[in-house]
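K.L.:
Can you read through this structure? Questions will come right after.
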Amino acid sequence: MAGSRMQLELSRVVQGRSRLGVLKGLDRTGQHSLEIPGCLLYTHFGTVPHLTQDTLHTLISLPSVTQITLSHIAEHQEVLEEFKDGFRKFAGLHDTVLYCSLHDPATHSPTGYTTNKTVSVWGSGGRIELTVAKFMALQKTVQPDWYQSMCDGETWQNSASRKRVRKSVDRTLAHLDECLLVHQKSKELEGVEVFGVVEGGDILEERVRSARETAKRPVAGFCLDGLQTGSMDQTLRTQLITAMIKELPEDKPRLLHGVGRPDEVLACVEAGVDLFESFFPFLATERGCALSFGFDISTDPERAGRAPPAVLELNEEKATAGESQQNGDLNRHDQTQMTPFEMNLKEKRYQDDFRPLVEGCGCYCCKNHQRAYLHHLLVTNELLAGVLLMIHNTAHYHGFFGALREALATDKLDVLKKRVLGDGGLQRERKE
């Protein structure tokens, strides 16, 4: 395999771990780049849920990388093969980089269906079993710019034994070697990058072994898998990430699967993670919730007024929404549960609240509608509720990542953490 086209240029490393920079050479044209720390654009079959392409592109500062998943695509393999021109053209996507992962991070996948030679994905029609040959045939059909290698990622549950975890690491390395062998011989995948997957459950030694062995392979970057929200508390997650990163080269990106909560994102960036999946706004939207956490690190009022959409303080709103935030368990929780970073607009108290979702937010929803209107749309099950919430939540979440990069550039990460975590409120809840 030829040398990787993808290049990571770091401008700062804060406290030895948090990395600020630009990932270049993302596609075969070499025209796209992505700032880190950053996130990918989450989609269902190439479309951001609830939003048309025209509506999506009314938002500013969208990521240049679109994430698609084989769990949505695999059942349509024959159609895509007949189409022949790749998924990007099939889905009507323009001017974006395609990253193809195995599973949808917002959907729970049943476990217990992995063998030495296969993994399973779950589409709308049920389970689809993938061998390396079928997995690579799908990649040739999709024609992404980068893709996650096939892996055995079923060891994130607490019940996984040491033997099972060791087997998952061995299988994942074997799958990677087979994928690379097919990739090297494929003209269709010429110029496409492969991300190796690091597994190991919650066992430190296996995490280190997986990272060390994966780093020996000719991959462009690394997917840190099996650390998703709900699988472990953040202290253990940070410990495992720190150990893995010591085994990985500094000049290649690290993408974390399954983590999207703002508090966990901050902790993982401090541990050395570069990239995340942006499924969290979708989960909040499905709950009928609006993201409402603050992340303004500006001390100049005039400058704060020109900040990106939704970069603002919401301490007062957090105080009034305290009763809703009690639903958020900060250690281990089901991803379907409401978190302290959002407001539940289905609650009756919003029926006569005529403020925007977030004061000062520049998104279409906040500039044109009030909380009371969103409440009405939600309780009457109008489809427009999902559209407006997704517009706001997407803008707010990507605004948070912009503030995170600014905080790293200006030595204000501690200030940002206080804004996001509510001046220590979330840390106190975690200890309790």
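Cβ atoms are placed via backbone N, Cα and C, with glycine included.
TrEMBL does not curate its annotations; it predicts them automatically.
Residues or ranges marked as Zn(2+) binding site in TrEMBL: C361, C363, C366, H392. Feature annotation from TrEMBL assigns domain 'tRNA-guanine(15) transglycosylase-like' to 19-420.
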K.L.:
What mean pLDDT does the predicted model reach across the domain 'tRNA-guanine(15) transglycosylase-like' (19-420)?
P.N.:
89
K.L.:
Around H392 (Zn(2+) binding site), how many other CB atoms lie within 10 A of its CB?
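P.N.:
For H392 (Zn(2+) binding site), the count of other Cβ atoms within 10 Å is 28.
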K.L.:
Near C363 (Zn(2+) binding site), how many other Cβ atoms are within 10 Å of its Cβ?
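P.N.:
Neighbour count, Cβ to Cβ under the 10 Å cut-off: 23.
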